[in-house]
């Protein structure tokens with residue numbers, strides 16, 4: 001076993017050197033704080049080993065916000081480099097590393113855990129379930145994601161980051177990228193992807209088997225419907241990525257030749273594998289985002305969602321078509337006119353079900369009694385901005401025109417108008433919307449609105465000029481340009497917009513900190529002035545009790561909770577409580593994550609024997625779990641009755657306070 005010590009430390013860049021010096025101090029400081037406040041046992045027992053879907057969701061969201069910061073810093077470094085012509089702020093390879101990691105982090109390690117965090121917190125509550133179908137697997141899934149996240153971020157200070165773009169095309173990612181950088185990409189995404197696939201299976205089964213028996217599919221909230229359909233995409237799309245990553249890993253570590261032309265390999269095989277996963281991946285993050293908008297818009301329009309069934313069918317149509325469009329990512333790679341024509345038409349067809357959704361949201365707003373809370377502001381801003389992303393997407397879908405737009409900043413502007421407005425706006429809106437359900441208090445609305453205005457205006461200032469830059473011929477992934485190119489002014493404006501977005505995000509961080517200390521606590525559950533329309537708002541706030549629902553709720557219409565409130569009924573009015581069975585916490589996922597992180601690290605540096613030892617550790621942990629007799633535990637009916645009585649009393653007091661104010 002010869003570990004490549006000479007590849008361990010990245011040298012020659014002042015930013016990386018500062019990170020290498022600062023990272024140990026950050027870790028030591030974090031350990032010191034946890035030790036000082038004696039939190040190790042609490043964190044391990046209550047969080048790291050928890051199988052409670054709500055706590056797992058919170059851990060996903062914490063990771064997602066941290067990765068938002070990391071990906072945002074990458075974006076600011078990119079904009080700093082391109083602000084002025086002939087800039088020497090970053091050298092070319094470091095710039096390549098930054099735009100590569102920016103894409104991976106924002107898609108894989110920010111957007112997906114943000115969505116999965118909201119799935120975990122909201123979906124079981126929306127369907128009347130006490131937990132997900134496989135609670136232990138849910139914990140394992142999180143730690144697989146966490147292991148991948150740690151490994152990928154470790155690359156910045158140990159070994160070097162991948163520099164072949166977020167698409168990691170062969171042969172650039174093969175023989176032309178020596179060192180551990182691309183290995184970090186392959187192993188980290190592989191480990192995280194296993195967790196994602198397990199999450200998809202888990203929530204697919206949860207929605208099918210754990211929902212309240214009276215809830216029919218067409219009566220489910222749209223966030224749950226979009227989650228269910230997205231899990232199907234996850235189950236079908238991630239295996240091709242898993243295969244592609246495994247093949248390239250064997251190419252790099254074991255000298256196979258799946259993608260090496262000199263030995264009979266096919267680089268285009270990677271492009272097809274990647275985009276067979278890559279374009280459905282866009283809908284893996286954007287369909288749940290559509291579900292978030294479909295919850296927020298009816299709530300603050302005080303109206304039933306228009307065309308609920310057509311929204312369900314439109315979501316299914318988008319999911320189906322998402323597997324028929326991947327070639328539009330490489331129209332210029334010599335596919336031929338017939339193939340390009342087919343994929344051009346199939347790409348345009350996605351605009352039809354997407355248009356159905358847009359019109360349904362607009363018709364929901366029509367004659368609604370709209371109030372402009374911050375989640376609603378993000379949702380309203382999404383519609384026109386996403387429309388611009390969709391229209392430019394149709395332009396790019398025209399294969400002949402794509403030869404002009406391909407690999408220019410026009411494409412960069414397009415997919416940011418699609419993903420930032422479609423996903424990031426939704427994540428921020430969803431976080432603010434369901435934050436009181438998680439924490440028991442709302443985020444400060446004034447600070448939230450400052451966040452919205454800075455972020456939304458900054459977004460348009462940043463990316464609108466990039467359409468013009470692309471039409472003017474500026475290639476993407478260009479690390480510098482000459483004054484004679486004439487791109488300085490628009491790049492300067494774009495950088496100013498990025499700074500405004502960063503300020504907007506800082507307002508959200510300030511809102512989270514400020515609200516923790518200052519916002520009034522709300523334990524009753526229906527936190528947005530009694531406007532809740534779905535089952536999660538019937539439960540208590542501040543992470544509802546472990547069992548979620550004391551009795552199985554009845555649900556016989558899309559807006560049953562609205563009808564219940566209008567007639568003064570509540571599912572808690574039934575006092576016939578029984579003992580509730582719950583699963584025990586388990587350390588299995590945590591230790592699998594530890595073994596995956598250590599084994600993945602050694603495999604990245606092509607040191608196979610320690611990686612195999614860690615693999616045996618993973619199998620040993622799984623075998624230990626298989627032979628463990630764990631029947632869970634029961635919450636006594638008396639304890640349930642006491643908890644529900646407290647919640648009922650708090651709800652009555654809140655109703656009396658509201659009546660007194662009115």
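Even glycines carry a Cβ here, placed using N, Cα and C.
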Out of 187-207, 250-270, 523-543, which range is noted as transmembrane segment by Swiss-Prot?
187-207
Annotated stretch (transmembrane segment, per Swiss-Prot) among the listed ranges 103-123, 166-186:
103-123
For the transmembrane segment entry in Swiss-Prot, name the matching range from 472-492, 493-513.
493-513
Report the residues of the chain - excluding 279, 283, 328, 329 - with C-beta within 8 Å of the mean position of the site's C-beta atoms, for the recorded Cu cation site, in sequence order.
275, 278, 280, 282, 322, 325, 326, 347
In the structure shown, with every protein chain counted, which of the binding-site residues 102, 328, 329, 414, 416 has the densest set of Cβ atoms within 10 angstroms of its Cβ?
414
To the transmembrane segment (187-207), which of 311-331, 336-356, 587-604 is linked by the most Cβ pairs under 8 Å?
587-604
Please identify the stretch among 14-34, 336-356, 376-396, 493-513, 608-627 with the greatest number of Cβ pairs below 8 Å relative to the transmembrane segment (58-78).
493-513
Near the transmembrane segment (493-513), which same-chain residues lie under 8 Å Cβ to Cβ, leaving out any that are not at least 6 residues past its ends?
68-69, 72, 75-76, 79-80, 82-83, 428, 443-444, 447-448, 450-463, 465-466, 469
Provide, as an integer number of angstrom, the distance between the C-alpha atoms of residue 329 (Cu cation binding site) and residue 414 (heme a3 binding site).
13
Quick one: among the binding-site residues 279, 283, which has the most Cβ atoms sitting within 10 Å of its own Cβ?
283
Which of the binding-site residues listed here (102, 414, 416) have a Cα atom within 10 Å of the Cα of residue 279 (Cu cation binding site)?
none
Distance between residue 283 (Cu cation binding site) and residue 102 (Fe(II)-heme a binding site) at the Cα atoms, whole Å?
19
